[in-house]
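Report on the structure given below.
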Amino acid sequence: MTSGTLSKEEQEKLFSLALTARETSYSPYSKFRVGAALMATDGTLFKGCNVENASYGAAICAERTAFVKAVSEGYLKFHALAVSTDQDDFISPCGICRQFISEFVSKDMPVFFLNKHGEHREYKFEQLLPFAFDYDTSKEYLQK
Ligand code: THU
């Protein structure tokens, strides 16, 4: 399974999980629910939501939650990411998330944005973070 291709079935599973992931969003301060679904290269799926805090800066975004869950379970190679919200419009990962994600994904990994109507937009990761900062150390470690 290579990055850049997703079967219709895989895409449906990924989208469905990203929409479900919003349901456990802990967002009492912003009331802005975000869900993320992440597919590892072997097809394993992880979901994440945003988790806020009374100390606002301590919040974590849905995308990083999904990556932290996956990496802490020993997954380091990823096939696709989907991000959902309750908004009419699409949202895309914040700058911190883009940098965080860039550690683990290939430039051509597909990233999907989903709105509340279930519509989606598709990008390649490199479109979100061109000229990403990277050390050779991570390339060797992850064999990017
Ligand atoms: N948020 C995410 O979870 N992902 C994004 O891509 C953008 C923002 C969260 C952070 C905060 O809990 C809320 O959305 C409002 O910024």
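Backbone N, Cα and C atoms are what each Cβ position is placed from, and that goes for glycine too.
Unlike curated entries, TrEMBL annotations are predicted automatically.
Each residue in the domain 'CMP/dCMP-type deaminase' (9-136) has a pLDDT score, and their mean in this model is 96. TrEMBL lists 9-136 with the feature domain 'CMP/dCMP-type deaminase'.
Residues near Tyr56 (substrate binding site) in space but far in sequence (CB under 8 A, at least 6 apart, same chain), listed by position: Tyr29. The substrate binding site feature in TrEMBL is assigned to Asn50, Val51, Glu52, Asn53, Ala54, Ser55, Tyr56.
Under the heading Zn(2+) binding site, TrEMBL lists Cys61, Cys94, Cys97. DSSP gives Cys94 (Zn(2+) binding site) a coil state; it is part of no helix or strand.
When Cβ atoms from all protein chains are considered, those within 10 Å of Glu63 (active site, proton donor) total 28, not counting its own. According to TrEMBL, the active site, proton donor annotation covers Glu63.
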Inter-residue C-alpha distance, Glu63 (active site, proton donor) and Ser55 (substrate binding site) (nearest angstrom): 20
Output field, Zn(2+) shell: CB within 8 Å of site CB centroid, site Cys61, Cys94, Cys97 dropped: Ala62, Glu63, Arg64, Pro93, Gly95, Ile96, Arg98, Phe100
Which of Val51, Ala54, Cys61, Cys94, Cys97, the listed binding-site residues, has fewest other Cβ atoms within 10 Å: Ala54
Listed binding-site residues (Asn50, Asn53, Ser55), ranked by Cβ neighbours within 10 Å, top entry: Asn50
